[in-house]
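Engineer: Questions regarding the structure given below will be posed in turn.
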Amino acid sequence: MLCLVVCCLIWLISALDGSCSEPPPVNNSVFVGKETEEQILGIYLCIKGYHLVGKKSLVFDPSKEWNSTLPECLLGHCPDPVLENGKINSSGPVNISGKIMFECNDGYILKGSNWSQCLEDHTWAPPLPICRSRDCEPPETPVHGYFEGETFTSGSVVTYYCEDGYHLVGTQKVQCSDGEWSPSYPTCESIQEPPKSAEQSALEKAILAFQESKDLCNATENFVRQLREGGITMEELKCSLEMKKTKLKSDILLNYHS
């Protein structure tokens, strides 16, 4: 593997201007070169048991020089910790068993442990924390619902409502606290009519039957009154209906045989 890396590096350097200087040596490392747009990108990889401190890549530019400060491969150091939007009480490489402390900038809250230790396998434990903004992301909008509120800074409150035909399940108001909304978001569920009891259904049927009977009585009474006002007796009405019935039958027979 080392031979392959060296051969690759020799080929890349010879492919460019012959005046290119050799990459500066870094103890306990392997150098890998890669040609990119008439330049050589060099990367230092530390051998097992060592850890890189500094910038791992160099670029050979037209000035014929390697344009970066050399890194180091040091024994027993953990990777340089990174804490965006925060501070670490360490200004250099941390040895095995060394501890560091973390603190977030104003407006941010620490998520994770406020300390970590460098282990023998060059890892950090507990894992490195992050600094999360105390402000919140826009809250979720429930299906068939919406919220009112335009600011999502820490301490802000939004209020939830549902569309017509739906009711809110959960807390109507949620508050932004240290980058998170609490309590949990509510949901909007369809309003279901409660099932009617057997007694209520029987009562409604009885009322409907009574109304129909009442309407029938009123219609009969009106019909009889109209007969009397027209001077027509029930016998005359019956005779007239029989004649119309006979005529209707004869018309049907004539149409059938024609």
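Cβ atoms are placed via backbone N, Cα and C, with glycine included.
Sharing the features that Swiss-Prot gives for it:
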- CYS46-CYS73: disulfide bond (DISULFID)
- CYS78-CYS118: disulfide bond (DISULFID)
- CYS104-CYS131: disulfide bond (DISULFID)
- CYS136-CYS176: disulfide bond (DISULFID)
- CYS162-CYS188: disulfide bond (DISULFID)
- 18-75: domain 'Sushi 1' (DOMAIN)
- 76-133: domain 'Sushi 2' (DOMAIN)
- 134-190: domain 'Sushi 3' (DOMAIN)
- ASN27: N-linked glycosylation site (CARBOHYD)
- ASN67: N-linked glycosylation site (CARBOHYD)
- ASN89: N-linked glycosylation site (CARBOHYD)
- ASN95: N-linked glycosylation site (CARBOHYD)
- ASN114: N-linked glycosylation site (CARBOHYD)
- ASN218: N-linked glycosylation site (CARBOHYD)
- 1-15: signal peptide (SIGNAL)
Engineer: Closest to CYS176 (disulfide bond): which of the recorded positions CYS46, ASN114, CYS118, CYS131, CYS188, going by Cα position?
Structural biologist: CYS131
Engineer: Of the recorded positions ASN95, CYS104, CYS131, ASN218, which one has its Cα closest to the Cα of ASN89 (N-linked glycosylation site)?
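Structural biologist: The answer is CYS104.
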Engineer: Work out how many Å separate CYS78 (disulfide bond) and CYS46 (disulfide bond) at their Cα atoms, rounded off.
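Structural biologist: Just about 13 Å between their Cα atoms.
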Engineer: Count the Cβ atoms, other than its own, that fall within 10 Å of the Cβ of ASN218 (N-linked glycosylation site), considering every protein chain shown.
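Structural biologist: Around ASN218 (N-linked glycosylation site), other Cβ atoms within 10 Å: 10.
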Engineer: Using a 10 Å radius around its CB, how many other CB atoms surround CYS188 (disulfide bond)?
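Structural biologist: CYS188 (disulfide bond): 21 neighbouring Cβ atoms within 10 Å.
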Engineer: Roughly how many angstrom lie between the C-alpha atoms of CYS188 (disulfide bond) and CYS136 (disulfide bond)?
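Structural biologist: A Cα-Cα distance of 22 Å.
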Engineer: Return one of helix, strand or coil for ASN218 (N-linked glycosylation site), based on DSSP.
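Structural biologist: In three-state terms, ASN218 (N-linked glycosylation site) counts as helix.
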Engineer: Are there residues of the same chain, six or more positions away from CYS46 (disulfide bond), whose CB falls under 8 angstroms from its CB, and which are they?
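Structural biologist: Spatial neighbours, sequence-distant, of CYS46 (disulfide bond): ASN28, SER29, LEU52, CYS73.
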